[in-house]
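Only one structure is covered here, and it is reproduced in the block below.
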């Protein structure tokens, strides 16, 4: 081995001598000048296969050093010869030989490795608008199509330009900010196949193209000595290389500051520099600057610190502190004041009396550093006796301050005395402010006004000052001897505000003057005016009383906001929000026939175009006011609209579809129910009713006392039965009266659309009644879950539509309750007494439980096929007494025993023992057929707005008022 190595050394020396002699491998140099070393083999590039030997020889007369560079790696060898016995792909790179003179020569070696075509440095950073190198040099220079490709086949940005270099990599030209986080591969074609390198993620360092954005937490600070001064400067830029610092104006002192920073996305950097002086002193006052700069430029912002030894209050009147105002006019006393620390107490005082209202105090600016405030005292219709000193007092934790306004009320003169004759002198005393002037006038006979002055008759005037800020009193006297004839004397007092006169009549009898009397010309006219005015007031009061006694329209549905103790707190419907998404153009409504009308409004059938679809027509019901409606009714209709929008949609309530509140009277658009109200539907179907149970009920007795005997049967005969007269209008029909008709379809065959058959043509059976009971209970459970009390649940307020779907509604203004015998006058309201719970009748209590009572009455209506409850019994004292004593109606003819049991529980005297609507739903579910339940479930699931799960009363109440429980006593509500 040593022999071979020696032979190789000898050969190298020989070659070196030959090269020196011939000088063919190096450029000619001048004698004495050093020359660069030479490398063997004498090529610029050398290609070897992986596993082969790399042998490089550097020849130079003196000392040489080898350097190998690839990517960021550098290796050195101080031998003349560089030998790598088994070449690897990582040995690809530039080999440089340097002599002692610093002259060098290089050769680039490619180690061809088909399994590793790229030498990859995956760190890839680029500065915006500069070139950046993707370092993926090749190990085989003979591959083709050396380029860049996007990851996962994504195309490269259209404006991306690059230059490939097999020895260095691929240079991306003029990097853009949009290239940030761009995923790349280096790519070549080898033997017809595309080969990709490992992926690169390009991270772009943005270039500064604007100065930093700098802001401070406050522009100025005012502190007392010893308080902490803390100010935060926020610097925003595209990268964290922005520089920032706090500086004090005219000072080189290093300030203590803390930094917090974070990135908001890729090119949004934010830094907060907080400057703190733990205990500020007066000499710390000054201007502090937050300075920031980047390569583009600099920006700064300042904040001012003022430190005072203690707090202060400075008051500045906005008007003159001496104020003159005429009697009956208004005046505003306004001050501005600076207060530091913040004011704690402010008040206006007059005559040792503190104003509790009529004034307001507010900061002049919403700026956090504001110390200036405004206080205004509003004096309205000042009287002559209300002049005086009005004082504003303000204080904070350090000082007190006050300012006073002297208010003088200018008053028209008032003549106090004008009929006194003292020692032959006629006196006239007047008071007013400013001081009045008195003139005398005379005219013969009895006149309304005198114009001839008595001057130059001797007139004596005596001024006397009144109380401070009060009226000034002036007394004037005239010698009555100046008057030689019968006549009228006028005393006229005037000042800048106005004038007042008094008249005197006198006459001569012989040589003596008769006692002077006041002028009485206008007394009859004045008395007549007072009488007429009094009569007008009485008429207005009577009309107002009658108007207030007139039953007013109000929304029956009440939404409970919370329960406090024994009181329901209702949401004021006028305060509910109204979303204008419900607005519908008026010109897309075409009105038809009137469906119902009352004293205040009506419901009209209409066609709405484009309500659901842009090109579709839909039949709707529109509730509107009559032209005679008052403001109260207009507000009530708007409240009803807000309540409906608050409740949302449910299959068993009449849902809101839209509204028109702009550009005309309010219109409420709701679903149209083609079969009208359930009460009349039941009465129409009596003769076609198919009963699926025994019809042998006795009809002799309709009432019994359920208070003491809960389980009495129809056959019981006790003193608790009442002898009742037949109903005036409708009574329970007997079996003999009925004419049965054959049903042409079953419930399960119906569809919600009228395409197959009209539901009104079908007969009515017990399954229908159970379905109606179930649906109304579901609807009431939904209202209860929304904390809504109905207050007028009855068959007349249930509508029926396709598929015999029931919908709960409130006719409200569209019902003529004045002519409806179901509504009885009680106080100044008409109430559906026979449907009301005892607590509602006697205590004006409306609760969720009182709705349950009404539901029991509704069930009686339903299973009696539309008969009036308590038939033949008028609402009088006897009725009220029997309700109190526990008398309840017997089961209607067509009610199953289970349904009558539900009615009895709904009529429990103790409201808290009545079932909730959720429990009622569960009870009825056990009785309806599977087909009916299945159909209802399908309809509910197909509804565009499925209702939320219904909650129980106790859960609902606890969710509304935290202090309530399911066992709470009756809750009193005064709003009937």
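Glycine is no exception: its Cβ is also placed from the backbone N, Cα and C atoms.
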Where Swiss-Prot places phosphoserine when the choices are 298, 369, 741: 741
Of 462-482, 483-503, 504-524, 525-545, the range Swiss-Prot labels transmembrane segment: 525-545
N-linked glycosylation site according to Swiss-Prot, picked from 300, 819: 300
Cβ-Cβ neighbours of residue 491 (disulfide bond) (radius 10 Å): 25
DSSP helix/strand/coil residue counts for the domain 'Ig-like C2-type 2' (121-205): 6 helix, 46 strand, 33 coil
Residue pair residue 491 (disulfide bond), residue 352 (N-linked glycosylation site) - Cα distance, angstrom, rounded: 39
Surrounding CB atoms that lie within 10 Å of the CB of residue 145 (N-linked glycosylation site), all protein chains: 11
Proximal residue to residue 58 (disulfide bond) among recorded positions 233, 293, 320 (C-alpha distance): 293
Recorded positions near residue 293 (N-linked glycosylation site), in sequence order, restricted to 136, 151, 186, 300, 792 and a 10 Å Cα cut-off: 300
Residue among glycosylation sites 130, 293, 300 with least C-beta crowding, 10 angstrom cut-off: 130
Helix, strand and coil totals (DSSP H, G, I; E, B; other) for the domain 'Ig-like C2-type 4' (317-410): 3 helix, 56 strand, 35 coil
Distance from residue 367 (N-linked glycosylation site) back to residue 352 (N-linked glycosylation site), taken between C-alpha atoms, in Å: 35
Winner by Cβ contact number (other Cβ atoms within 10 Å) across the disulfide-bonded residues 97, 136, 183, 186, 290: 136
Secondary structure at residue 283 (N-linked glycosylation site), reduced by DSSP to three states: helix
